[in-house]
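Feature annotations, reproduced from TrEMBL:
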type     : residues  : note
DOMAIN   : B:27-93   : domain 'DUF202'
TRANSMEM : B:36-57   : transmembrane segment
TRANSMEM : B:63-84   : transmembrane segment
TRANSMEM : B:105-128 : transmembrane segment
Amino acid sequence: MTGADAAPADRDPGLQPERTRLAWRRTTLSGTVVAVLAGKTALHDGATTVSVLAAALCCALWLAFLRIAHGRITTLAAAHRPRDLTPRHAAAAALCTLALAVCGAFLVR
Amino acid sequence: MIGFVRSVRLWFVPGEVRREGTTPDYRFSLANERTFLAWLRTALALIGGGFAVDQFLPDLSRGWRVGLALALLAAGVLCALRAVNHWARCERAMRRGEDLPVSRFPALLSLVVAVVAVVMVVVVLVGWEG
């Protein structure tokens, strides 16, 4: 039962990696809502070339965000002491959000 | 402006951050990451709000509808940019053992959200159809 003895000392009392993982999930979910609203906007106002392109781009951006989030979640789960988020990943996640808003500007007409 | 360019460099050159100071307790870094994600969600909520204004206020005149929607989308863009900038600055401050950066942004954002909300209430109640 050495594992049981060692576990309390090793355990992260705040469950920080778990909470961070869930935060990534929540954020992906928010992105999903935005992508669905973008699709609705594109279809509602009569699909033009621009609106279809913008909506497709929104879906692609959502997929990109999903990929970033999944990569990060995998990293968090893999290590006992998870590595920090890299600035590149943070910037990529923020740029996906930004690009969603830019697509939105083309959809809102 | 130079400070801003340096910050942008910081986002894309991971080694730059890691070279400075000492690595903080990973739990603090993860807390910083969650704060960053919370700001991204705020940005996404603002963007979603922009779509919602466009979709769910069809009786509004076009100018108001598009204007409000674009204002919310722009707020979302600012919020996302600020999220990553603040994350990088906090990360650097933690490595250097400095105080965390202070910011006027939360106050500004709440003012903008309050103004947009009041404008929306007035516009919907009065029903300006242009």
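From the backbone N, Cα and C atoms, a Cβ is placed for every residue, glycine too.
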Query raised in the report: How do the residues of the domain 'DUF202' (B:27-93) split into helix, strand and coil according to DSSP?
Result: 62 helix, 0 strand, 5 coil
Query raised in the report: Quick one: mean pLDDT on the domain 'DUF202' (B:27-93)?
Result: 91
